[in-house]
Every structure is written in C-alpha cells, then in structure tokens.
C-alpha cells in the first residue's frame with residue numbers, strides 16, 4: 001500500500017512540476033570590479049584574458065539541474081531532476097548608463113553584489129546599488145521583509161580580485177582562497193553545511209561574503225550553486241517550503257468556497273425579489289412544466305426556427321389571390337365572348 005502511495009505521489013509530481021524553467025539573477029557592482037570575468041567563470045568554467053567593457057547589459061545563461069526535495073530517494077534520476085536555466089544579467093556599472101540601466105531591473109529572482117577586495121570603496125557603494133535596484137526594479141517571488149536598501153529578494157556578496165588583494169596585503173592569502181573563505185564563513189556560523197539556504201547579510205558594508213579570483217578561476221562554486229537552487233526552489237517549489245519560512249510571501253486570499261457562498265446567496269436574494277408569490281401558473285393560461293424542469297431555463301436556440309407545416313386534410317379549400325384573380329378574369333372573358341356571339 002505504501003509503495004502505491006509513493007508511486008501515485010511521484011506521478012503527480014511529474015505531471016504538476018515544471019519540466020524546465022528559468023530564474024533571473026542581477027550581477028551588479030561598480031565598474032571595473034570584475035563582474036564580466038566572474039559571470040564568464042560561472043558559465044564557462046574558465047577565465048577570460050581581456051574582458052570587454054559591458055555596454056548596458058550582457059546576459060549569460062547557466063544550465064543547472066534541480067531535484068525536488070519531495071522526490072523520493074529511490075526514484076529514477078530522470079524523474080526527480082529537472083533542467084533550469086539561470087540568467088545572469090551583467091549590468092554595466094559605468095556612470096554613463098546610470099539613467100537607463102533600470103530597464104534591466106525586471107522580474108528579478110536574486111542579486112549578486114560584486115566588489116573589488118583591493119578597493120574598499122567598491123564595497124561601500126553596494127548599499128547604493130541595493131537601494132537603486134530595490135527602488136526601480138520588479139521582483140519575482142519577493143521576500144516578506146526587505147534586506148539592505150529594501151531589497152525584497154535573496155542576494156549574495158562576492159569579493160572579487162582576491163589575488164590582487166593578497167599581493168597588496170589588503171586582504172586574503174596566497175593559499176587556497178576558496179577553502180580559507182569557506183572555513184571562515186562556517187566558523188562564523190554563517191554557512192551551515194547541512195542547510196540548503198545561504199545566509200543573507202543584513203547591511204552593507206559588513207563582514208562575510210564569498211571570495212573569488214576570477215583571473216585565477218577561483219570561486220566557491222558549491223555556494224553559488226546552492227544560491228541558484230534556492231532561487232529555483234522559491235520560485236517553482238514554494239509549496240515545499242516550511243510554513244513559517246521567511247522565503248515566501250502570500251497574502252491571504254478570499255477562499256473559493258467563501259466566494260461561492262457569497263455568489264450563491266446573492267443569486268438567492270435576486271431570485272426571491274423577482275419571484276411570484278404563490279403559484280405562477282394559477283393566474284394565466286400557461287401549462288406548468290414537469291416538476292423536474294420547473295427551475296430549468298430552456299436551452300438557447302442554435303438554429304433558425306422552421307415554419308410550421310399545415311396539414312392538407314382541411315375540408316375548406318384555400319385559394320390564393322392569383323387563382324381568384326385568374327378565375328375572375330376567365331369569367332369576364334367568357335361573358336364578353338357570349339355577348340359577341342349573341
């Protein structure tokens with residue numbers, strides 16, 4: 001019995017769950033912090049020697065598979081995992097595009113803030129970027145409470161150019177930057193290894209975030225993939241989130257049954273106002289319908305009405321006007337001929 005119950009649930013999930021989907025992630029930060037190099041590293045897995053200057057916005061697409069948490073561990077991989085596409089919108093940070101880059105802030109699922117570890121001012125300006133996106137953007141599956149600058153979607157902070165910062169002695173080390181950063185974040189209790197969700201930092205500037213060196217193809221791939229899967233889960237599998245989770249917001253709608261009762265009661269009141277008192281067939285000559293058809297309205301006529309044919313067994317002959325005129329004319333003609341003969 002349990003086997004059939006699980007099989008029925010898996011079939012239902014396969015029918016209802018989307019076969020594929022997409023989430024949109026903004027990549028914002030000051031000009032020159034390495035956003036284009038980071039997006040190229042995430043999508044291609046390799047560094048770019050001379051990244052071109054971004055004009056307006058550049059979109060990169062990353063393919064990722066996601067399995068529904070409600071799927072059974074014994075189910076086939078093809079049935080539980082589905083394909084999704086992560087759109088990484090690399091928005092130019094140059095001041096010349098300040099007045100028009102809000103065109104790209106639409107239907108946002110998440111934000112990646114990028115700053116340069118060798119230039120502290122680029123991290124300070126992240127607050128300005130958060131306020132700009134929150135004020136002019138539209139969002140998909142927003143959070144119940146906003147983050148920095150009122151940003152209503154999940155975000156993550158990436159400190160890029162850790163290799164340059166290490167050489168200058170500003171921040172970082174010459175060792176494995178990914179392991180060092182992950183160890184520090186887990187030590188601070190910000191990134192539990194057993195959790196699907198990533199920490200959201202409350203304000204800028206602050207300690208924490210991911211460390212990357214796009215030129216040396218170093219970044220925390222696992223953490224970013226968790227971030228992308230969290231966005232997919234919030235958009236396409238929101239019913240599987242815990243009830244008290246802060247990741248979803250849903251106003252309390254009017255239930256369909258309550259609305260149906262209201263409509264039914266209104267119809268009853270209208271029927272009571274327009275109904276006859278007593279038997280409506282008592283004071284006219286109409287024949288009452290069958291009891292089962294009393295409250296049913298006749299179906300609409302979908303074809304033109306045909307004229308009723310008259311039977312031919314009448315005792316009184318009927319003549320048309322033309323035949324009468326023809327008979328009259330024949331009689332007058334005969335009388336004239338008789339007069340002539342006489």
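Cβ from N, Cα, C; glycine included.
The structure displayed is predicted, hence computed values, not measured ones.
Here Swiss-Prot flags 12-285 as region 'Small GTPase-like'. The GTP binding site annotation in Swiss-Prot covers 29-36, 90-94, 160-163. The region 'Disordered' annotation in Swiss-Prot covers 274-313, 323-342. The compositional bias 'Polar residues' annotation in Swiss-Prot covers 323-333.
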Least Cβ-crowded entry, counting other Cβ within 10 Å, from the binding-site residues listed as 91, 162: 91
Winner by Cβ contact number (other Cβ atoms within 10 Å) across the binding-site residues 29, 32: 29
Of 35, 94 (the binding-site residues), the residue whose Cβ has the fewest other Cβ atoms within 10 Å: 94
Model confidence over the region 'Small GTPase-like' (12-285), averaged pLDDT: 74
